[in-house]
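In what follows, a structure is listed as structure tokens, so that the remarks can point back to it.
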Amino acid sequence: MNPGAARTPALRILALGALLWPAARPWELTILHTNDVHSRLEQTSEDSSKCVNASRCVGGVARLATKVHQIRRAEPHVLLLDAGDQYQGTIWFTVYKGTEVAHFMNALGYDAMALGNHEFDNGVEGLIDPLLKEVNFPILSANIKAKGPLASKISGLYSPYKILTVGDEVVGIVGYTSKETPFLSNPGTNLVFEDEITALQPEVDKLKTLNVNKIIALGHSGFEVDKLIAQKVKGVDVVVGGHSNTFLYTGNPPSKEVPAGQYPFIVTSDDGRKVPVVQAYAFGKYLGYLKVEFDEKGNVVTSHGNPILLNSSIPEDPNIKADINKWRVKLDNYSTQELGKTIVYLDGTAQSCRFRECNMGNLICDAMINNNLRHPDEMSWNHVSMCILNGGGIRSPIDERNNGTITWENLAAVLPFGGTFDLVQLKGSTLKKAFEHSVHRYGQATGEFLQVGGIHVVYDISRNPGDRVVKLEVLCTQCRVPSYEPLRMDKVYKVILPSFLVSGGDGFQMIKDEKIKHDSGDQDINVVSGYISKMKVLYPAVEGRIQFSAGSHCCGSFSLIFLSVLAVIIILYQ
């Protein structure tokens with residue numbers, strides 16, 4: 001008997017079964033996501049400043065609520081996630097200190113949130129109460145570990161991961177936070193921020209042992225780290241990120257943001273999987289919208305979508321809008337108090353102030369120096385002539401088209417952190433190190449790029465990090481007619497700067513370690529508001545304080561940098 005003939009009926013039965021019982025259809029999940037909202041509860045102008053022309057304004061939680069409700073009604077499996085930095089950025093946070101964040105995130109029905117660095121701006125106590133105690137959804141971070149007496153106090157208020165039931169399936173969400181947070185905010189000494197990848201892997205492994213085969217990494221470390229997590233952490237299927245305010249889009253973008261890549265950005269993991277990575281810019285301007293199909297083993301089959309521009313074509317939810325109006329009453333005193341006027345656009349955007357000289361930086365530095373005009377004598381016109389200011393400390397522009405009016409509310413959006421402008425004495429060699437640090441990772445939109453007053457600096461970005469300052473001149477003080485002279489490495493200079501930098505923030509450890517003398521100064525917002533009131537009408541310009549040499553092949557443009565990167569990627573993969 002031919003053995004093959006005996007197997008033929010069985011094979012036919014199996015083939016028939018395959019036709020009658022086809023493979024299970026992929027399971028589809030819709031991921032809605034926000035990041036870096038920074039207290040933009042109300043709609044804003046297109047550049048995230050105060051709304052001037054309502055027909056052209058964007059975002060706000062009332063408009064976000066409308067779109068989220070529409071999608072939840074239309075689609076069966078939806079998660080609403082936030083990748084951190086809800087705290088800080090407008091008068092809302094200055095007054096309510098996070099209570100507003102918890103209230104409106106609860107109202108929108110968020111499913112999970114990762115901790116961002118700015119959630120620690122009011123210290124751990126300002127995170128615990130109100131946010132951690134008042135939200136009714138999980139707050140996540142796998143790489144933050146508490147120690148000492150704080151460990152028991154904060155236990156159970158945040159988690160490394162959470163398993164969510166979505167329809168008939170379960171989805172694991174694992175959180176992470178920038179390990180640079182101690183340099184960027186005020187988490188104190190009893191929280192340890194571990195390496196993201198090292199901390200995430202064991203938590204993902206735990207989820208796998210619990211038979212969770214669909215895992216989203218939700219976190220706040222920036223696009224470059226997001227991509228590394230997608231590549232290195234085995235078992236992560238999707239990465240939803242924040243911190244770098246990255247705009248990704250497939251097709252023609254709907255507003256002025258230039259995409260840093262397609263949405264989703266696909267990373268090939270070390271074990272050969274295609275992992276979608278997404279962010280949704282910042283300030284509540286967009287709602288990230290990603291549809292992912294999983295097979296029965298939890299593998300990503302397809303992923304597609306795009307951020308949704310929350311413009312005026314989307315109506316504001318009337319119930320949320322009414323709630324906003326109730327909360328707004330407490331802010332009206334700040335909104336109506338006029339400090340002065342501007343007849344030019346005050347450019348405080350990250351696209352400018354983290355890449356090149358911006359006139360908002362010039363205005364703030366001029367105010368800092370003006371606030372320290374004292375002690376003239378026969379030898380010196382003033383005791384200090386220099387200011388440095390981290391570009392990341394400038395958080396919003398001010399639009400001159402609103403009759404040019406500048407209010408406390410406007411200024412609180414520009415300078416929301418509540419620090420002081422301090423006076424330090426530094427050697428010229430320390431200043432040189434600080435300016436090298438300012439551009440050591442130029443092009444990544446990081447906050448350490450310095451705005452200046454009383455200083456002329458020229459960079460050559462084509463040179464290696466640590467050797468990019470080609471010219472550094474400072475305004476003399478011991479002179480009757482101020483002029484610029486070369487920085488002397490061995491001379492001691494007085495410099496006005498934010499208290500954040502004095503304490504080593506944004507990686508300026510050399511200032512913290514090498515300062516010769518330190519005197520605390522006045523509250524930042526009081527310094528600038530006083531200057532505006534004194535000047536009455538403002539028109540700060542871009543004056544050439546910060547320049548890039550021809551060898552840099554760089555003009556400090558955020559858009560051109562991203563276009564250059566995209567061009568390189570296209571060339572490499574042609």
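Residue numbering: from 1, along the chain as shown.
Including glycine, each Cβ sits where the backbone N, Cα and C put it.
Residues Asp36, His38 are recorded by Swiss-Prot as Zn(2+) 1 binders, and the candidate that the same record lists for that site, out of Asp47, Asp82, Asp85, is Asp85. Out of Cys57, Cys353, the record in Swiss-Prot bonds Cys51 through a disulfide to Cys57.
Per Swiss-Prot, the disulphide partner of Cys365 among Cys353, Cys387, Cys476 is Cys387. Among Cys476, Cys554, the one Swiss-Prot lists as the disulfide partner of Cys479 is Cys476. Checking each of the recorded positions (Asp85, His243, Cys353) against Arg395 (AMP binding site), the C-alpha distance stays within 10 Å for Cys353. The secondary structure of Cys479 (disulfide bond), as reduced to three states from DSSP, is coil rather than helix or strand.
Around Cys353 (disulfide bond), a 10 Å sphere centred on its CB holds 27 further CB atoms from the protein chains shown. Neighbours of Cys51 (disulfide bond), defined as other CB atoms within 10 A of its CB across all chains, total 18. Within 10 Å (C-alpha to C-alpha) of His118 (site 'Transition state stabilizer') lie the following recorded positions from His38, Asp85, Asn403: His38, Asp85. Less than 8 angstroms from the CB of Asp506 (AMP binding site) sit Phe183, Leu184, Asn390, Gly392, Thr446, Gly447, Glu448, Phe500, each of them six or more residues away in the same chain. Summary of the AMP site environment: with the site residues Arg354, Asn390, Arg395, Phe417, Phe500, Asp506 set aside, the chain residues having Cβ atoms within 8 Å of the Cβ mean position are Leu389, Gly391, Gly392, Gly393, Ile394, Gly447, Pro498, Gly505.
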